[in-house]
Each structure stands twice: as structure tokens, then as C-alpha cells.
Amino acid sequence: MSDSITNPENSEIQTNYDKIVHKFDELKLKEVLLRGIYGYGFVDPSAIQQRAILPIIEGHDVLAQAQSGTGKTGTFSIAALQRIDESIKAPQALILAPTRELALQIQKVVMALALHMDVKVHACIGGTDPREDAEALRAGAQIVVGTPGRVFDMIERRNFKTDHIKMFILDEADEMLSSGFKEQIYKIFTMLPPTTQVVLLSATMPKEVLDVTDKFMNKPVRILVKKDALTLEGIQQYYINVESEEYKYDCLSDLYDSISVTQAVIFCNTRRKVEELTKRLTDDSFTVSAIYSDLPQAQRDTIMKEFRTGSSRILISTDLLARGIDVQQVSLVINYDLPNNKENYIHRIGRGGRFGRKGVAINLVTDRDVGDMRELERFYSTQIEELPANIADLFD
């Protein structure tokens with residue numbers, strides 16, 4: 001089950017660190033951790049794991065450019081579990097993620113890998129009772145996975161003692177730093193021991209990310225996927241020119257009449273559009289779930305569970321879902337709207353082809369969107385083809 005379909009070839013990776021590890025056994029990991037890795041279904045390290053786990057274990061600051069589906073969660077989870085001192089019952093590794101869903105996903109992976117270890121992993125996220133966080137932190141959680149707002153709050157209230165923190169890992173750093181978390185993240189940096197190792201993972205390297213590396217990282221090992229390697233392999237990308245906004249729904253209906261798809265994710269740019277589309281599809285007898293950031297956490301969890309178990313066939317979402325949620329049976333992603341943020345395109349279409357599955361991404365494009373689509377093609381060095389007439393063949 002290695003999450004490595006988008007492994008770039010070694011020639012497509014630029015790095016200032018020359019050690020490559022081809023087998024997990026070569027990393028000299030704790031025996032109990034190795035059992036967890038193989039038990040989880042990892043066989044061999046993905047390209048990013050071959051290069052990034054070792055420098056993290058060695059204590060270097062690491063800046064890794066990797067998008068969803070490359071095995072990056074396994075990379076920092078394995079390294080953190082190797083570095084943790086199980087006898088110290090206090091937070092030693094702090095992992096930040098931009099959304100609650102991604103934080104919970106990471107927590108699940110860390111706990112699965114730590115199955116045979118005496119390690120407590122706590123998710124410190126908004127939408128839950130802060131008293132539960134305080135209790136879990138007091139009870140000796142050694143790895144804390146959280147969202148910036150809640151983590152900052154817990155540290156500020158002195159419920160989260162940072163004296164033993166040795167690793168600070170920022171996942172999806174580009175998303176966090178562009179989503180208004182920058183100030184909180186900077187403050188968290190200042191509340192950690194000065195010797196804390198910093199590991200930063202990001203699909204793209206905008207100025208905000210590079211500023212953090214300059215300010216808070218010490219001679220980082222850089223593992224950067226070349227720009228033109230950022231398109232997800234295994235995803236066939238198409239567009240339909242719908243001319244104008246009012247024709248999008250009819251186009252979507254026609255699409256569903258033409259193809260047989262087990263499950264699909266449809267992305268819209270606003271909550272209002274998610275709600276409108278959900279209502280129209282439901283009125284037309286489709287089984288639909290909708291998810292967006294304002295929903296209470298319990299409701300979001302229920303919706304994701306329904307979709308994962310297959311009781312809902314269509315999930316309509318804002319970009320909340322675009323990062324890090326593993327829904328393995330999804331073969332089709334539809335961008336009802338092109339994303340406002342170019343970086344989110346890769347996360348959206350990456351839903352469809354994780355874990356070696358092929359996926360199809362279809363973009364509904366108005367005449368006004370054509371320029372933005374061409375810009376996406378340039379940005380990712382890719383081609384988005386017009387959807388062919390024999391579209392049913394794509395889903396055989």
C-alpha cells in the first residue's frame with residue numbers, strides 16, 4: 001500500500017544531501033517501528049522517503065518539496081517515531097497541518113506505524129473541547145498533531161509544555177502560510193526550544209515558505225522536486241468548455257448520464273455553490289454529501305465516513321478536502337470551478353489517482369476560464385485535453 005504513485009525519478013529530484021536508502025531495513029530503525037512499517041503495508045521507501053527519512057533521523061533541518069501521494073506523511077511519521085524517547089512522557093514532536101481532517105489523517109498514520117511502540121499521539125485541533133486537549137497533554141502525549149490555532153492556544157495557556165520538544169514538522173506549509181496562519185506559526189516557533197529541529201514539507205515553494213526557511217531553519221537539507229515533475233502521474237486531465245456558468249449543471253448531468261462511476265469528488269470554490277449544487281443533485285435523485293469548513297467537526301466526520309464506506313456516491317467540497325484526505329476508491333474528480341489558487345489544482349486532482357489507481361480529472365470551463373486553464377497548464381508543465389466523445393471508455 002505504498003502511497004507512492006507520483007514518485008519522481010531520482011533525476012527529477014534536486015538535493016544537497018547525497019545519501020539514498022533503498023530499503024527500510026537500511027535505516028537502522030527500532031525493531032518495533034520496523035514491524036509497524038511493514039504491518040502498515042509499506043514495502044520499499046518511496047523516492048521522497050529514500051532521501052528524507054535519514055537526514056530527519058540524523059537531526060538535520062529538512063525542507064522537502066512533495067505533493068500528496070508521494071509518501072510524505074510516512075516520511076516524517078517514521079522519522080519522528082524513531083527520534084522519540086518512549087521513556088519521556090511529554091510532547092517531543094509537534095506536527096502542524098492546515099486542516100483538522102489532515103491532522104486527523106496524520107494522527108491515524110502515526111498511530112498505525114507506532115502500533116508496537118509505547119507512544120501516545122494526540123490530535124490538538126479546533127472544533128473539539130480544549131479541556132480534552134489539556135488532559136491528553138498532561139497525560140503524556142509524546143507526538144502532538146494539530147492545527148495552528150488550537151496548538152498556539154494550548155501553548156499560550158500553558159497546557160502544552162514545550163520544554164521537551166525536539167522536532168517541529170510543518171506539513172502543507174504553503175497552504176498554512178497562505179491561509180492566515182502565518183502569525184500564529186511564527187509565534188509557535190518562538191515558543192519552542194531554540195535547538196528544535198525544523199522539518200518543512202510543501203507542494204510548492206512560494207515566498208512565504210522560503211521566508212520561514214530563512215528565518216527559522218539552520219542549514220536545511222533541501223529535497224526539491226523539479227517544477228515540471230509536479231503533475232500527478234496516472235491522472236488523465238480533461239476539460240469541457242461549457243461557455244458560461246449557467247450551462248455547468250446541464251453539462252454535469254449529461255456527464256453522469258454518459259458514464260458509470262462508483263464515486264466522485266466535485267470541487268466548488270464557495271460554500272454557497274456547494275449548497276446549491278448539493279440541492280440540485282439531490283432533487284435529481286443523486287446520493288450526495290457536502291463538506292465545507294463551517295460545518296461542525298462531528299458532522300464533517302460523519303460525512304467523510306459515509307463517503308468512505310460508499311453510502312454516498314458524490315462528495316461536493318470546497319478546497320477544504322483538497323489536501324490530504326485518503327479516499328481510495330475515487331476514480332473521478334470534477335472541478336465544477338477551476339481553483340482560485342493554482343497550487344490547489346494538484347491537490348484536487350490528486351484525489352483520483354492515489355495508491356497506484358488511475359484517475360480522471362474533468363474541468364468544467366467557461367469562456368472566461370480558458371485563460372486560467374492555460375495558466376494551469378503552464379504552471380504544471382502539463383496538458384489538459386478536451387474531453388473525447390467516447391468518454392465512457394475512460395471508466396471501463
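For all residues, glycine too, the Cβ spot is worked out from N, Cα and C.
Between the stretches 22-50, 51-79, 80-108, 225-253, Swiss-Prot puts its motif 'Q motif' entry on 22-50. Feature annotation (Swiss-Prot): of 3-6, 15-18, 171-174, 179-182, the stretch labelled motif 'DEAD box' is 171-174.
Residues 72-73, 76, 95-98, 102, 106, 200-206, 208-209, 212, 323-324, 343 of the same chain sit 6 or more residues outside the motif 'DEAD box' (171-174) yet have a Cβ under 8 Å from a Cβ within it. Confidence across the domain 'Helicase C-terminal' (234-395), taken as the mean pLDDT and rounded to a whole number, stands at 83.
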